[in-house]
């Protein structure tokens, strides 16, 4: 029994570190992009997309990471039925918005990098109004689609009989009717598959364009890429890394989650690794931007320098 409690505490500490680091990274980026949007004379569509992405990732970590960590430390019955419905609903919505926004970001960069795809689309994506509408549509769509999640999720079946084997099952979700379950599965699978396919296509297009650009530059010995071209290339590399991370974590997380649901009493390691993988993208993605985006890294370096020299000075003001 003591060994089991020790194992759970170790997983709890691991979950706490991952969730805390992820929330800290996303919150920092959220402050940066909100500050950029508020102070900018002209709204940048890319900042709007990234602001939505870090907001969705923050909600994913808050709605799953925090309850999972509390459950790992042995807290029981900390959510009633209303709390379970809210937490699972927010997690499903935020996860869907994160997927859609990553797809939107990949498509945005592909069209921006290859305006020959469609001149009309290139003009539309540069319009802040169009991008605000797309971001708003992502939230509305997932708010509607995931309504059945709130309907079928309930609290723990029997709080007194929760054992270590059922750890991390702080809420229950009985299977709905077969027809409803099949329809929901088809809709969600289609949306996920369509987003992943679109990300794969846009990523392939960007890789092809970058390869052709590299070959073209090699023939021009004396010239060096313009600052704008270098900036777009760096931004494209960042998005390609993000898409690769998302697809990898999503695929591995889906396999592990399916395995967990198929076993009657999956072990602590399988449950723990499944959670770590499913939360991997929202945890690591903000640090990709912090490291690769010079604008973001310079902002945080300036904040750190100001705070060090004048502790009373608020960064950005």
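Glycine too: its Cβ is placed from the backbone N, Cα and C atoms.
Keep in mind the model is a prediction, meaning the values are calculated, not measured.
Residues or ranges marked as domain 'G-protein coupled receptors family 1 profile' by TrEMBL: 25-289. Taken together, the residues in the domain 'G-protein coupled receptors family 1 profile' (25-289) have a mean pLDDT of 78 on the 0 to 100 scale.
Annotation comment: TrEMBL describes 12-36 (among others) as transmembrane segment.
What TrEMBL lists as transmembrane segment is 179-210 (among others).
The transmembrane segment annotation in TrEMBL covers 238-257 (among others). If you look at the transmembrane segment (238-257), the same-chain residues 6 or more away from its ends with a CB under 8 A from one of its CBs are 99, 102, 105-106, 109, 192, 196, 199-200, 202-203, 206-207, 270, 273-274, 277-278, 280-281, 284-285, 288-289, 292-293.
Counting only same-chain residues 6+ beyond the ends of the transmembrane segment (269-291), those with a CB under 8 A from a CB of the stretch are 11, 14-15, 18-19, 21-22, 25-26, 28-29, 50, 53-54, 56-58, 60-61, 64-65, 68, 98, 167-168, 238, 241-242, 245-246, 249-250, 252-253, 256-257, 259-260, 263, 297, 300. The transmembrane segment feature in TrEMBL is assigned to 269-291 (among others).
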